[in-house]
Number of protein chains: 2
Amino acid sequence: MSAANPGATSPQTVHVPLGDRSYDISIGNGNLAEVGRWVTSLRKVTHVVLISDGNVAKYYQQPVEDAIAAEGIRVTSLGVPAGEQSKSVPTAQSLWEAALADRVDRKSTVVALGGGVVGDLAGFVAATMTRGLDFFQIPTSLLAQVDSSVGGKVGINLPSAKNIVGAFWQPKGVLIDTAVLKTLPRREYLSGLAEVIKYGVILDADFFAYLEANVQPMLNRDPAVLQKIIARSCELKAQVVAEDETETTGLRAILNYGHTFCHALETVSGYGEYLHGEAVSVGMLCASRLGEKLGVFDAESTQRQAKLLSALELPVATPKLSETAILSAMQRDKKVEHGKLRFIVPHAIGKVVLTPDVPSEMALAAWREGIEDESA
Amino acid sequence: MSAANPGATSPQTVHVPLGDRSYDISIGNGNLAEVGRWVTSLRKVTHVVLISDGNVAKYYQQPVEDAIAAEGIRVTSLGVPAGEQSKSVPTAQSLWEAALADRVDRKSTVVALGGGVVGDLAGFVAATMTRGLDFFQIPTSLLAQVDSSVGGKVGINLPSAKNIVGAFWQPKGVLIDTAVLKTLPRREYLSGLAEVIKYGVILDADFFAYLEANVQPMLNRDPAVLQKIIARSCELKAQVVAEDETETTGLRAILNYGHTFCHALETVSGYGEYLHGEAVSVGMLCASRLGEKLGVFDAESTQRQAKLLSALELPVATPKLSETAILSAMQRDKKVEHGKLRFIVPHAIGKVVLTPDVPSEMALAAWREGIEDESA
C-alpha cells in the first residue's frame, strides 16, 4: 500500500448522480470475486447475458460466470472477437440473435466484461434488446475504467463512421477491480494513463500534482494508487456528465480536451498505429501549445504535461504527417460548427475552455511545433 | 360534416403528457399541407431525414418534401419497400448509411411518413443515429394514427421474433391528416377500426356507444367522425401510456386486450392471412367469451362487440386451426409469466382487468366456441 494512501485498498464507491438513472461504481482490489453478490445487491436478477471478448474471457469469464451462477442466476455467455471491428452491425445482430435463442426476455440483464469495445457493444445490445435491458459493466482496461464506466455512451460503428449508431444508456452499476489490470498489456495500460492525466488538466490541479508525485507507483500498477486515480477520474467525469448527460449544453465537450488533434492523428496515421491514449497524449500537448499561441496558457504548464506523459512512457512528439490531411480530418470533427474549428483550450492546469473560431493556421502551427526535429 | 360533431373539422390537438418527453398530436383534415410550418413551430430544424415507403411516397412524399423545403430546411428523402419485411436489421443499416452519406448530424431531425412499419423503423433509426435524433411522425394509416402515434415504441424485427430490437423513443410531435385515409385500401382502413373499438371496450363505454351510433359515417370515412374517433383513441391511449411509459407497472398491458388470441391467430395462420386489426377483431371476441366463462362478463356485451365489428365488415368468427398450435403460440406470448397464461379480460364495456392464471383449457374453449359451424 502506498504511504500516500493509507487504507486505499479497502473498496470504495463513486456515485454517479443522474436522477432516476443514478448508479454507483464499486472500486476495489480483488472485488471481481464478489460479482455475484454485487449484482444481486443492486437488482433482482434471474438471467444474465454475459458479453466478453476473447482476450478478457480467457482470464475472467469463468470466475465471473461461476460467481454469478452461484447466486442461482442463469447465465448466457456470449463472446466476440477482441478488437474494434466487433463494434459492428453484424456483431450486434449476432448478439441479439444469440441472446434471443437462449430465451432472453425483458427481465434479463446484460453484463459487459471487457474493455471499451465490449462495453460500447454490450451496452448497445442492452439498450435495444426488448427496448432496453438492465446493464452492468465490468471494465477490464484502464481506459474503460476511467472513461467508459461513466457517461452512458454506448454504440457501434458503421464502415464509414465510428460510434455513429448508439444510445445514451446508463448502467445500473459498474464494478472495477484494479487486480485485473495485472493482465493488461503494458502499452495498453500506459495508454489508459493519458486519460487519467487529462482529468487533472481539465478539472483538478491537485490531482495533476498527485500524479506527478506518483509516477513510479503508477508504472508499478500499485493497487492503492490505481484505486485512487481511477476513483478520482470517475468522480471528475461524473461531475461533468451529471451536468450534461446527453451532451446538449456543451459542458461535456471539455472531456474532449486534446481529442480534436487526437482524432485527426488517429485518422491520418491509420487506426491502430497509435493506441487511443497515445494519440490523446500527443493531442493534449498540441492543444496546450494552441493555448500558448492564444495567449491563455503558459509554456511551463505545457512542459509539466510533457514531462509527466514522458515519464509514463507516452508519446509527446507530433509525427510527420500531411498537414492538409490533418486539417481536413480536424474539419470533420464533431465539435466543428458551421466549418469553424473549435478546441478545448487549457487556461491553467485544472481549467479548460471551449474556444470557438480558432484560425486553422494557428491550429496547424500548434501541431507542427510538436514535431521533434523539423530539419530531419 | 356530421351533425353529431359540429365544428369537428377544425383541427384539434391531443396532448401526450410524459414530463419532459411530452408532445402534441395535431389532428385535422388537410393539415398535411402545413407540415413545414408545423415542424418549425415545434423545433429549430435545419435538416430533415424524411423516411417513407413506396405506397405512401407516391401520393405524399413530394408535397411533404416541398412543404418542408419551403421553410428553408434541407431534406434527405429515403425510401424503403412497403411491408413488414422492411422492419429489419439490413434496412435499418441501409438507412443509417444513407443518412450518414447525406451528412446527417446530431441536429438533424427524422420525419416518418407512413404506416406502422415506417413509424417503427424510422423511429428506431432516430433513436440510434448519433445516439438519438429528434423525431416527428406523420402516420398515414388509421392503425398507425390510433396506435403508433402514442407510446414511443420503436423497433425492428429479427428473423425469429417481431419487435425484439428497439427502444422507447418519444416523438417531438405527431401530425395526423384524416384526408390521407382516402387513399388507404378499404380492407386496411377497416382493420384500423378494430383498434378504435378496442379503446371503447377497455376504457370508455360512451365512446363505444358513439361508435355504434356512427357506423355509416365511419364506413364513409367522414372526416369529422374520423377526427373524433382518432382524437379520442389517442387520448385514451395517452392516459394509459402516461401512467406506464416503459411498460413497467403492468398498466399498459390493458392495451393488449384481444392481443394474446390475436397474436396466436397471426402466428398460426401465417403472417399476412389476417391484417392485424382483423386478428384483433377475432381476438377481442375470444377474450370476451373468456370473460363469460370466468363469470365476469355478460354474453350481451360480447354480442354488442360482435355486432359492431360485423357492421364494420371485420371478421368475428374463429377460423379452424390446430388447437395445439394455438395454445403453443399463446404460451410464447410476452404476457406469459412462469408459464401461466394471462389475459386482458373484459368485465364490462369500458373496463378490462389483467387476469393471471387462466387455465389453458378455458382459453381454448373461448377460442373454439368462436368457430362458426363446428359440425362443418
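Any Cβ shown, glycine's included, is placed from N, Cα and C.
The shown structure was predicted, so the numbers you read here are calculated from the model rather than taken from an experiment.
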Which of these, B:K107, B:K153, does TrEMBL say binds NAD(+) at the same site as B:G116, B:V117, B:V118, B:G119, B:D120, B:T140, B:S141, B:K162? B:K153
Among B:E195, B:E361, B:E369, which residue does TrEMBL annotate as binding Zn(2+) together with B:H259, B:H276? B:E195
I'd like to know which of these binding-site residues, B:K162, B:H259, B:H276, is least surrounded, judged by other CB atoms within 10 A. B:K162
Rounded to a whole number of Å, the separation of the Cα atoms of B:H259 (Zn(2+) binding site) and B:K162 (NAD(+) binding site) comes to 14
In whole Å, how far is B:E195 (Zn(2+) binding site) from B:G116 (NAD(+) binding site) when you measure between their Cα atoms? 13
Rounded Cα separation (Å) that holds between B:V118 (NAD(+) binding site) and B:H276 (Zn(2+) binding site): 16
For the domain '3-dehydroquinate synthase N-terminal' (B:80-189), DSSP counts of helix, strand and coil? 46 helix, 33 strand, 31 coil
Among B:D120, B:S141, B:K162, these being the binding-site residues, pick the one whose CA is nearest to that of B:E195 (Zn(2+) binding site). B:S141
What other residues of the same chain, not counting B:E195, B:H259, B:H276, have a CB atom within 8 A of the CB centroid of the Zn(2+) site? B:L143, B:D147, B:A194, B:K198, B:G258, B:C262, B:G277, B:A279, B:V280, B:G283
